[in-house]
Structure formats: structure tokens, C-alpha cells
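Working notes for the structure below.
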């Protein structure tokens, strides 16, 4: 069954436009509350948010909606998405709710949910909520209305959790870091985590005003961090996005490391301490070089659909621990139940401290394959899936590339486009192959 409101990561949109309006969000919370009460007499829900100005309005709407259904609410204030996931589990709450649109600009916002175990909820739960939304609200009587309170030390509790994921016998003393929180949810906690572990920390992107989240800073705008790291002669820069569930890392030379490289480094660190993973989950976009390197270590790479939700589903299905995306969503399920930019950064820095090597030295054996992406606009009614010329050219190119590259052709989920991606060890070959494939999709002239 198709979901009406939920996307791949909760419900998201422009504030003031359906569905991100206060009246809908109140109805949403009421519907969620009714779903929760089918299995629990008096549920408790935690609500956290990022730093968007609309968070105040949506937080109030959620609180009212839950209370009207007889659900108690605990307000966490500004806190990273993975912090809400952790506290939901630690506080034995029924559900965690995050008000955030992640890496989007401030006019957007969204609502996403975590289970009592701190994991993202499945399609069946979302469909149950959407079904409840179609029903008339049933307000509980006054004696059974929910209550709300604030957990004032939520940031401190999450800081301690993050520190607990770093090896007890190691510190970050002697390391100089620049932390960029994208003027987002981690603006308080991220600098403190690294400082309390011994690092010398300077901060950028840590002065939110409600309107500047992700604006020119953070994981999706790393140029500011590169400039700060090189200017301050820091060892590393750590860039998070607005809700701090993704990571980009910069070294002293200004080199930017993406999620694929950092995932491999986390795997290599486990191997070095005798804890070799059975397998790793990436996505359709994970660079071929990572697959080749992992195979050389006797480790299987399985590709999930793009989206950290699908990486997590594949990890849980196989009972594996490590996975991630090139965008910097990294999962280490023996450390946390969801992607966490701060925890991921600590795993990378732990590998450096334990080995005495830099990130660049630890990744010296990895050279990412050049990747060429061409978007081909489709004409109305064009059937690209049954294009014999495309199928034939794809077979020829895959034979040419062998294990030294790959082809990925997929439709855009939002536009009438086909995305043609080719990876090869040689950039010119990748470009040539991508152009050959794209040409088969061009309309006849």
C-alpha cells in the first residue's frame, strides 16, 4: 500500500504548506497517540528538535496533539536526531519524535519517529498512523489528558553517551579539531563531546538564530570547514548536518573524506583489533573501490537502496553491524541504533589514536574510482526500461570494465529523468562509457 504522507525519512515539507502546518501536525500527534494506546495504557513520548524557528510552533502542536490523546510528553529541546533516539531507549519511552528537515534550509521542516528501542519505524507502523489520520479524532476526557514536562539535562546525558562509545583507555589529548555544527541541533553538544575527551576544539557553525541552519556551513557545505582547518592548522575538521546524523571529515591538508572512505576506515579499525566484520552494507551509490578493497579483506559488501533507512534494514536482516552511505550517514550498530555523526567521528578518531596514523595514512590503499553521472531527460511516454539499444550497450560496457568499474542506471524519484552512472579506474573511460549509454536514451532526430 502506498503511503500518503510518510516518505523515506518521516514527513517533510515547506512550513506553512501541507502537510507541515500546525493543524496537521496536531492531528498527526493525536493519531500517533491513538496508535500507541492500542498497546499501552499510558504512553510517554519524547520530543526533540533542531534549531529552525518553526520548531517552536511544531513542538507546541505535537505536545497538544499527544496530550489530547492521553499521551504524556517529555520535551528535550534542541538535540541531535541520534540523541533523541538514544534518550528514547534510555528513558524507556514509548516513542521518540524529532522535528527536523535534516540538511534542508530553514523554510522546510519535518517530523520523524523512533521506536522504544531507538530505531526507525517500519512501513506497517506508518500505514497504521495514516489510517488513524483518516478517522475522526477522539479526545480523551479531562481526567485522562496527558501531561508535559521538560528534561533539562538532555544535552548532558547525550554527551555522556557519545563519550561512552570512545575507548576508555584512549583520549584525544594533543589533537586540534574544528567542529562545524551547521548552526543546527549539535551546536551545544558536539564541541563539548570532543573537548571533554581531551581535544583542543574551536567551533564554527555553532551560533543558530533560527534562520541560518545549514546556511553555508555543515556537512553539505564543507568549504567553510576546509578554510577553517587550514587557517587554524588543525589536525581535523568535523562537519555535521542540521540534525547531526551525518558526517564529513577534513584533514590538515584540507582533503575532504566522504562517507564511503570513512566506512572503510571503520571496518579496517575493527580488523586491526581482531574483530573482522562478516559483511558491510553500502548502497547502490557506494564507490566500487570500497567493494574491491573489502573483497580483498574477505568481506562481502551488500548494496541497499539509497537511504540510511534501507541500509539499516539490510543490516538488521543479516545481523551485521557496519554500513553507510557516501553522504556520511554511517551506522555502527554495536555503538548506536541509528546513524550518528558525532559517534561516527569518534570511531574514526579512535582509529587514528590507536594506530598512531592519520586518516590519509589509514586510507592510503584506497583510491576511489572516478564516477561520472549523466542525467537524461525522458520524453513523455518514453519506455527506457525496454530500450534494446541501452541494454546492449550496457552489456558491452560491463564486459569492458570487468571488475574495474560498474554501471548503474536508475530513474529519478522526483523528475522525468534517468540517471546514468559509470565508475571506472580511468576517468576518461568512465566519461566515454557514460556518454555512450546516455546516447542510447536520446530521442531520435
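Cβ atoms here come from the backbone N, Cα and C positions, even for glycine.
Now, the feature entries from Swiss-Prot:
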ACT_SITE  102  active site, phosphoserine intermediate
BINDING   102, 241, 243, 245  Mg(2+) binding site
MOD_RES   102  phosphoserine
Cβ-Cβ neighbours of residue 243 (Mg(2+) binding site) (radius 10 Å):
32
By the DSSP assignment reduced to helix, strand and coil, which category contains residue 102 (active site, phosphoserine intermediate)?
coil
Cβ within 8 Å of the Mg(2+) site's Cβ centroid: which residues qualify beyond 102, 241, 243, 245?
50, 80, 81, 100, 103, 184, 185, 219, 240, 242, 244, 246, 341
Whole-number Å only: compute the distance from the Cα of residue 245 (Mg(2+) binding site) to the Cα of residue 102 (active site, phosphoserine intermediate).
8
Pop the Cα-Cα gap between residue 241 (Mg(2+) binding site) and the residue listed as 'active site, phosphoserine intermediate' into the table, whole Å please.
7
Hey, what's the Cβ neighbour count for the residue listed as 'active site, phosphoserine intermediate' at 10 Å?
28
Same-chain residues at least 6 apart in sequence whose Cβ lies under 8 Å from residue 241 (Mg(2+) binding site):
102, 103, 182, 184, 214, 218, 219, 220, 328, 341
Which number gives the other C-beta atoms within 10 angstroms of the C-beta of residue 245 (Mg(2+) binding site), all protein chains shown included?
32
